[in-house]
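Everything on this sheet refers to the single structure shown next.
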Amino acid sequence: MGVTELGKLIGKEARREVKLEALAGRCVALDAYNALYQFLASIRQPDGTPLMDRAGRITSHISGLFYRTINLMEAGIKPVYVFDGKPPEFKLAEIEERRKAKEKATEELVRAIKEGRRDEVAKYAKRAIFLTNEMVEDAKKLLTYMGVPWVQAPSEGEAQAAYMARRGHCWAVGSQDYDSLLFGSPRLVRNLATSPKRKVGDEVVELSPEIIELDAVLKSLRLRSREQLIDLAILLGTDYNPDGVPGIGPQRALKLIWEFGSLEKLLDTVLRGVTFPIDPVEIKRFFLNPPVTDTYTTDVTKPDDAKLRDFLVHEHDFGEERVERALERLKKAMGKLRTSALDSFF
């Protein structure tokens, strides 16, 4: 879900829209779960239901991952997908709340379909999205067959992706959420795993990749350090404390950080006596020192055409002609990445 309130404070001066091709020659660590949820939400049939194979298994995530990854590689981008591992204990309550909300949305979806309320079907279908273990394994299998590297994070995927970017093994983190900045990524690229067009109300708007640099964010918000950015996010709400501090909006939160300098000082003064479901200092410590692994590679490998055909066409009923055309595109794009000076990739 991410730190959406913090995103509202990040102004245009800290954001830079670019063409996809401007990222050519860059390695980007993509938040795999974030991307898969986007594919499940956006790749749907006219009635709002996801794509499925003949066995009734959802394939929207497979389709989105396959074709979008090829698009990124054709633009010269080297993607590395990072998958979530075990969430921190203090996130479990929030995960349970999300599960209940999805179950409720599923009930509303069934009711809307039965009653023929087609205008509401798409709305509830998106809210009812579940990312199952089978879907995650499908994604990993597909990437392996494509020759695209993926990394299993020990905990939060964005924490691992940010770690890889901090070490210089990737140039940026790719996600719609802002959490990677809190985890220390030097830069975030948004709108990478999305369709270049999105419907907003009755209009279709173009979505360009958007680069947000950590240093630019700190400068624009007049913050001295990443620690202060974390403090600000905790006041506003994160994945671990989505409600933030009741009664404190973005502008007041920013002023409090300017005035008191740290979350700890606020807890000793203005916020003394406030009850928190989760210790905010524990959340801060997690952002500063999350579990990460050094066991990963960013190297691309040769695609396995036979396994891709079997997985996509025979197992999941993708159209054979379209898959063959995509395989040719993949091989050409992969060839450029593998024969270019790979040391130019971070």
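Note: Cβ is positioned from N, Cα and C throughout, glycine not excepted.
Among the candidates D31, D215, D231, the residue that Swiss-Prot names alongside D84, E156, E158 for the Mg(2+) 1 site is D31. The Mg(2+) 2 site recorded in Swiss-Prot comprises D177, D179 together with one of D119, D138, D239, namely D239.
It is 7 Å from the Cα atom of E158 (Mg(2+) 1 binding site) to that of D179 (Mg(2+) 2 binding site). Counted over every protein chain shown, other Cβ atoms within 10 Å are most numerous around D31 among the binding-site residues D31, D84, E156, D177, D239. Straight-line distance linking the Cα atoms of D179 (Mg(2+) 2 binding site) and D31 (Mg(2+) 1 binding site), rounded to a whole number, equals 10 Å. Taking the C-alpha positions, the distance from D84 (Mg(2+) 1 binding site) to D239 (Mg(2+) 2 binding site) comes to 14 Å. When the region 'N-domain' (1-102) is classified with DSSP, helix, strand and coil residues number 53 helix, 18 strand, 31 coil.
For the pair formed by D239 (Mg(2+) 2 binding site) and E156 (Mg(2+) 1 binding site), distance between Cα atoms is given as 11 Å, rounded to the nearest Å.
The average pLDDT for the region 'N-domain' (1-102) in the predicted structure is 91.
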